[in-house]
Amino acid sequence: MANVDSDSRHLISEVEHEVNPGPMNIQFDSSDLRSKRPFYIEPTNIVNVNDVIQKVSDHAAAMNKRIHYYSRLTTPADKALIAPDHVVPAPEECYVYSPLGSAYKLKSYTEGYRKNTSLVTIFMIWNTMMGTSILSIPWGIKQAGFTTGMCVIVLMGLLTLYCCYRVVKSRSMIVTSDTTTWEYPDVCKHYFGSFGQWSSLLFSLVSLIGAMIVYWVLMSNFLFNTGKFIFNFIHHINDTDTVLSTNNSSPVICPSAGSGHPDNSSMIFYNSDTEVRLFERWWDKSKTVPFYLIGLLLPLLNFKSPSFFSKFNILGTVSVLYLIFIVTLKAIRLGFHLEFHWFAPTEFFVPEIRAQFPQLTGVLTLAFFIHNCIITLLKNNKNQENNVRDLCIAYMLVTLTYLYIGVLVFASFPSPPLPKDCIEQNFLDNFPSSDTLSFIARICLLFQMMTVYPLLGYLARVQLLGHIFGDIYPSIFHVLILNLIIVGAGVTMACFYPNIGGIIRYSGAACGLAFVFIYPSLIYILSQHQEERLTWPKLVFHIIIIILGLANLIAQFFM
């Protein structure tokens with residue numbers, strides 16, 4: 001009788017502080033599909049919430065108790081006794097078993113597990129790669145030369161695509177373990193041990209923190225220009241009178257005046273206007289505005305969950321599409337201004353081949369960087385056999401987008417009267433603060449970056465604190481210290497080195513050295529060697545890729 005009484009108890013214990021209660025108090029989290037497997041019941045025993053509850057069969061109840069018993073033999077983190085994939089029904093046939101003897105089909109489960117079509121997968125990859133690097137592509141083409149720049153963009157796209165292909169195929173080359181749920185750091189750990197795990201973590205943090213620094217510099221820039229636009233509009237000030245610029249309906253300015261360094265001053269001096277002097281004192285691009293952002297963004301970084309900010313991801317796509325629109329419109333208005341000189345520079349034009357082309361390769365390494373999360377993106381592809389095809393199409397679209405933006409901005413830059421060397425590391429800086437189209441672009445990008453910045457901070461927290469303490473939120477003190485370090489780095493760079501092109505190329509070459517060039521090539525060499533299929537051409541080709549990655553990083557320090 002004791003056994004009968006124990007069998008009649010509820011199989012799912014009560015949980016307090018329930019966040020998302022399901023029907024009949026069922027606890028369900030669709031984000032962890034493997035550790036919380038639903039129990040399958042024949043369709044004859046399935047009911048809706050509003051239907052009369054029908055008891056399940058004795059066989060189904062006994063099977064549920066058996067699985068419940070097995071789950072108690074190990075800790076929840078141990079996957080040893082979880083039912084394997086081949087015995088689990090399809091997602092649309094999975095149901096959650098209630099202790100009251102009924103089964104419910106939860107929409108959140110099937111929706112959370114739904115696969116993406118190839119079109120959605122391609123768009124996701126394109127959208128993920130479209131970041132701040134797009135603002136520096138025209139500057140990179142100027143540094144490399146027009147012809148060389150276009151060739152470098154295409155070649156870097158092909159090289160990073162191949163390395164990304166090797167990342168996608170890396171799991172399938174491991175036959176001794178079940179790699180279904182593995183991410184790329186797990187593959188690195190398999191081949192290189194703890195060194196591979198921690199080194200991949202280090203380089204991933206480099207890319208994240210580098211991106212956050214670039215975001216802080218750009219947000220300071222956009223916030224400064226936004227405030228300057230409003231002030232100039234109210235006081236009827238024309239800011240193109242004090243810098244080298246074109247005199248037409250679509251003005252273009254040269255804030256660095258050929259010095260190669262961005263203008264860090266706020267605005268012009270008006271000796272007779274105390275109000276303007278006061279505004280300039282408290283609204284300076286490098287001395288005050290970066291500190292104003294601390295009050296806006298530091299509290300957002302301390303949120304436990306970034307789910308609210310993830311709702312604004314669509315703004316990234318809108319911003320890129322608007323940049324394409326504004327570049328197209330400006331090119332139509334300005335026309336093309338090109339002259340071809342292969343090696344010798346002229347007063348207004350740069351040569352087609354320049355020794356500074358590694359600066360563009362550094363920028364492009366980050367611009368094409370998706371290698372640390374490509375496995376995750378492709379996991380949800382409905383047709384896994386199309387992964388390689390979809391990846392190639394996405395890379396082609398990204399390459400065409402970079403070429404379109406870079407070529408149009410460079411070719412339409414009005415030379416003369418302005419030299420091509422005036423193209424800024426952020427090409428929006430070549431448009432005056434009073435330009436309405438640029439003002440809208442800066443507003444959109446500023447808001448979009450303010451929503452993405454907490455997400456990047458959350459990812460950095462997950463990777464660093466999660467690995468060190470085993471908890472992504474050990475305490476408010478730990479989180480605050482980490483966020484202060486990240487914010488401090490951003491403020492420091494915005495004040496003393498506000499060159500987004502330089503920051504992008506250094507961080508891109510550093511993180512790309514591991515994730516793009518070394519790890520994919522070494523893993524392929526080791527796997528082929530273990531299978532005794534390694535040939536000299538394969539070995540030499542992948543060693544050349546590693547050498548190119550090292551040369552790319554070293555060259556950044558000599559440019």
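First residue shown is number 1, and so on along the chain.
Each Cβ is built from the backbone N, Cα and C atoms, and glycine gets one as well.
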Recorded disulfide counterpart of C422 (Swiss-Prot; options C188, C254, C495, C511): C254
In Swiss-Prot, W182 and I423 sharing a membrane side: no
Candidate set N238, N248, annotation N-linked glycosylation site, source Swiss-Prot, matching residue: N238
C-alpha spacing of S133 (arginine binding site) relative to C254 (disulfide bond), in angstrom: 21
Ranked first among 282-298, 308-332, 355-375 for CB pairs under 8 angstroms with the transmembrane segment (436-456): 308-332
Entry from the recorded positions list S133, N238 having the most other CB atoms no farther than 10 A: S133
Spatial separation of N238 (N-linked glycosylation site) from S133 (arginine binding site) - C-alpha basis, Å: 30
Most Cβ pairs under 8 Å with the transmembrane segment (539-559), selected from 146-166, 198-224, 355-375, 478-498, 506-526: 506-526
DSSP residue counts for the topological domain 'Lumenal' (499-505), split into helix, strand and coil: 6 helix, 0 strand, 1 coil
